[in-house]
Amino acid sequence: MLLLGCIREVTDYELAVSLPNGLCGFVPVTQISDAYSKLLTKQVAQGETLEELNSLPDIFSPGTLVRCIVTSIEKSDNGRRSVKLSIDPKKVNKGLNSTALAAGMLLSGSVLSVEDHGYLIDIGVTGTHAFLPHQKAKNYIKAVKKGPDLKIGQNLNCLIVEVKNEGRVVCLSIDRSEVAASIATERQNWTLSNLLPGLVVKARVQKVASHGMKLKFLTYFTGIVDFMHMDPEKSTSYSPDQAVRACVLCVHPTSRAVRLTLRAPLLHAGGAPRQLPAQRLGAVLEEATVKAFYKQSGAVFELDDGTLAFARLKHLSKTRKSFKPEEFKEGCKHKCRIIDYSLMDEMCIVSLKHQVIEARFLQYQDIHTGDVVQGKVLSLKPIGMQVKVADGIRGLVPSLHLSDVILKQPEKKYNIGDEVKCRVLECNPEGKKLILTLKKSLVQSKLPVLSNYEDAKPGLITHGFVVCAREFGCIVKFYNDVKGLVPKNELGSEPISCPDKVFHEGQVLKVMVLKCEPQQERLLLSFRLSSKPGPEDKWKCTPKEKQEVKYQIGEIVDVKILKKKDNGLEVSILEDEDNVVAWIPMLHLSDFVATSKLLWHCLQEGDVLPRVMYLSDKGGHIILSRKSAVISAVQEEQVVRSFSEIQPGMLLTGYVRNVMPFGVFVEFPFGVTGLAPKVSMSDKFVTDTKDHFVVGQTVIAKVMSIDEEKQRVLLNLKVSECSSGDSAAESFALLNQYFKELKEIKGLLRRGEPSICELVPGKRVHLVVQDVREDGSALFSDSSASGFTVTATRYHLGDKNIAPGEKRKALVLHVDALTSEVYVSLREELLKQRP
């Protein structure tokens, strides 16, 4: 079958061609022309690059019209069909012979060789030599901008200018103005056996129907124009016997059926179809209006910008059973997504399927290096695992990246069809190349993604994987093939004599950037993330300096409380011969502000607090923190050590330093501070900032933007924006920590106020009414609750009338150890419940 197509994509090994009616086909590199195939064979045999052989991107451009012939239709494992094409003139023009050639004919040709006065062109007709003079090619060469000369294998739209010696010699022209003006006529003796797509003809309308119309052309020929190829500007104004200009789209070899188009850009031979703006592909449109519905093929919609789009039947509903034809009457509106653009039909292809509209990725261009993606295992091969990320998007997980450790038998861990969570190591949309990793330490890493040398600033800490360990050190790789060297002296705090015995290929490690030269793509790294000063540095320090440099931020120490003060604890660091004195602010005793105050209340001078972290040394004073979330963030390197390391999108753990009417200032370990403006503080509407945050509160903040010039960081504190993904796990971890600290407080209370430990929520107690207040609440006394105020609100007295001196049964609701208040209930429905 012969078709007119438009090149949509060019790679080194094939051409992707847009065909009529939203179809797509592929021309392999071996189906360009005989001359091009001979050069390919010669290059393979010699094993070296031939100067006269140009790559496909050097001789073809997207948007160019080509005549194709279908060579085969292949069916893949998943049932999808792939149309294989050829643009070889010998196959496309096989219906022509030398006696049928006539001046004015338009046909396909391919450059055979470059001569002194022009080019020899292969037009696929046996016994005919075709010549293209330089004069007739210069305007085309200038417009195409593919170099000073035509190249062997280049496909051309050729116009026969002159026929000599009964068709044995023909002279050609590819001048764009001459080609565009050509019209096929009866004098050229076209027949159904040699009629070519791309010919522009004068035709007359025979019959008009809702789905298309029938035309008569070249006196004896009839052809069909379907609804997708009627001119949208005139689709309702065609009438029988009307004269029109049309272009042949395809010719079926057996039925001899001819299809034509009336679309304006194709009504001049060699015209270029209109392109779709890149930003429109993948766009979701809330309302697309049905223009027409065709029960055999699909529906045509009018989009928000007035252009037309087509949805195939299978894309109108989730399944055939759920399809409702009455929803596609003219004027009905539907939500849809642009999933493709057919160059030959100049029409968007849309889908109404919910899963397509909601899909995260539609094409390789949507995927970025460092993205975490969900995929399905398609196959396991020696080189690795093939993963389906989305329809038409596949990636490879190399065998090195199937796990944190090398898997000898990956088939025991993974099965075909398994859902897997991967991270994108490398994405090349042009070559449709997608490399993924399944290493958990990379997939779950919260550290910055290093995907180019320009981002490798000294001091940056990130995850990388070892690709080589030798006596000189380790080569570590990151994303997008960025790699660097960890020299032998930077492998660890202790000397390592045989790196290959300590480190292995594929091992994921944290590394720090020491130096980077982006132009030379050279990167120097270190596995030593924080280095203490060596012995040779100590003698230089004065006593005051000695205390300042003795501990590194993030170091964990045990302390003993020396003195309790109103706003914190003065402590001494244990196991330190110099008895270094430090300070724990009250609000740094816990992640929870209320718990911090309660802990301060319960702790006594002489108590030992384990696992406290060195936070800073502001003003010469060592500040310590006991906030578990902040300690975890520092230990897991989910922190920034300087302003230069901050990047938009980072999630950082910090604590509220100040609450202002316009926003909240948040401080992070290592001293970096940012502002969360009022609009970015909460998912709820913020009237008063003090209703949402308090000083000392531990928070997770997302970096919105940075101003390097003013050294400012803007943050987002909205819960919906600040989850790292597994919000349930994060919430349970926080709750677990909260109850763990409450248990610790309970233990501290037992030694000073044992009675409070006996009063737990849910316990039944016998009380004596002391007083009934004006607001209806009551005050009680009890021997077991001496020193506490026991209260029941009016609601929790139920319908009972009580008087001072009466004895009553009650249920403990809540115990506030900080204010020494106990809240109880006398309601029958609570007392009747089994303990």
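Placement of Cβ uses the backbone N, Cα and C atoms for every residue, glycine included.
Per TrEMBL, domain 'S1 motif' is recorded for 1-88 (among others).
According to TrEMBL, the feature domain 'S1 motif' maps to 104-175 (among others).
TrEMBL lists 198-263 (among others) with the feature domain 'S1 motif'.
What TrEMBL lists as domain 'S1 motif' is 282-353 (among others).
Residues or ranges marked as domain 'S1 motif' by TrEMBL: 370-439 (among others).
For the domain 'S1 motif' (459-528), the DSSP-based tally of helix, strand and coil residues reads 10 helix, 35 strand, 25 coil. Residues annotated as domain 'S1 motif' in TrEMBL: 459-528 (among others).
Here the domain 'S1 motif' (554-627) is broken down by DSSP into helix, strand and coil counts: 16 helix, 34 strand, 24 coil. According to TrEMBL, the domain 'S1 motif' annotation covers 554-627 (among others).
Annotation source TrEMBL lists domain 'S1 motif' at 649-718 (among others).
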Original post:
Mind checking how the domain 'S1 motif' (198-263) divides into helix, strand and coil residues in DSSP?
Top reply: 3 helix, 35 strand, 28 coil
Original post:
So which of 198-263, 459-528, 649-718 has the most C-beta pairs under 8 Å when paired with the domain 'S1 motif' (282-353)?
Top reply: 198-263
**OP:** Pull the DSSP breakdown for the domain 'S1 motif' (282-353) and write it out as helix, strand, coil residue counts.
**Re:** 7 helix, 36 strand, 29 coil
Original post:
Counting Cβ pairs under 8 Å that are 6 or more apart in sequence, does the total for the domain 'S1 motif' (1-88) and the domain 'S1 motif' (198-263) reach three or more?
Top reply: yes
Subject >> For the domain 'S1 motif' (104-175), mean pLDDT (0 to 100) >> reply: 91
Subject >> Tally of DSSP helical, extended and coil residues in the domain 'S1 motif' (1-88) >> reply: 23 helix, 36 strand, 29 coil
